[in-house]
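Structure first, then comments.
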Ligand SMILES: Nc1nc(=O)c2c([nH]1)NC[C@@H]1CN(c3ccc(C(=O)N[C@@H](CCC(=O)O)C(=O)O)cc3)CN21
Ligand SMILES: CC(C)C(=O)C(=O)O
Ligand SMILES: [Mg+2]
């Protein structure tokens, strides 16, 4: 029997994500604010990720390292007010889970307790297994993230494809199996060769969600501002721009400026008069 996707008015749950493996494709998009979460939620995607990419997309930082727990919680609170159906996942920021298992559980808990997210995501394999186990043990669902892990940019030497040689591909597979054993409910694979992602997807019992990881993954994720054509400081190869909202916003703002300068806006239909005497 094909596992049905949750109904349009039904909340997506962690068990429904697990049950999707091998039955239907999963979708995840990012949102960093209430309004974007509203629109993305209405699209019917399974998961909304409050990505630490907000450091670059919302705050204009060079990379994702500078964003803080307080900033992540602020944005996650806004997203959970707008998302009625999708599973909302908070992306744990750099240094909020690496220092100790205790800090990891405490910070993961804040995403659920203070921002009302339903799960957290963190980057890394063997180095974060104890954290994943402890967070899951506390009752908090964890999504793993392997391959291009932007919080390790200083070690990776840039935003580069990972797992290209046989040894690196083997390490990715070992990490994926270990994260699954540690209790992750799904796994983001970022910028890894399609055949490597396919092998991992066939080897783990949990859904893989790819970004630049080819079509064999159980699901796909993109940054909403990339697919909408709003963010264009860089456009990775794996991005498909489904619209050009940046260019459209530019044009709307330009027309507004021109009409104000020429006196065409505001017209009488946008203005208020006085009340009529004796009326
Ligand atoms: N807006 C946005 N979209 C993202 O997908 C994203 C972020 N921000 N911030 C965090 C990370 C950084 N990401 C990136 C950034 C750049 C490339 C990039 O330029 N990649 C090159 C290939 C590099 C190589 O392996 O040689 C490309 O051409 O795609 C990839 C992923 C993905 N994530
Ligand atoms: C690209 C996704 C997976 C992410 O981690 C983010 O948006 O921060
Ligand atoms: Mg991230």
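Note that Cβ sites are derived from N, Cα and C of the backbone, with glycine treated the same way.
Annotations in TrEMBL come from automatic prediction, not curation.
These numbers come from a predicted model, not from an experiment.
Going through 25, 84, 113, 121 against TrEMBL, the one listed in the 3-methyl-2-oxobutanoate site together with 52, 53, 91 turns out to be 121. Comparing residue 52 (Mg(2+) binding site) with residue 190 (active site, proton acceptor), their Cα atoms are 14 Å apart once rounded.
With respect to their backbone Cα atoms, residue 121 (3-methyl-2-oxobutanoate binding site) and residue 91 (Mg(2+) binding site) stand 5 Å from each other. Looking at residue 53 (3-methyl-2-oxobutanoate binding site) and residue 91 (Mg(2+) binding site), their Cα atoms lie 9 Å from each other. The local packing around residue 91 (Mg(2+) binding site), expressed as other Cβ atoms within 10 Å of its Cβ over all shown chains, amounts to 28. Cα separation, residue 190 (active site, proton acceptor) to residue 123 (Mg(2+) binding site), rounded: 10 Å.
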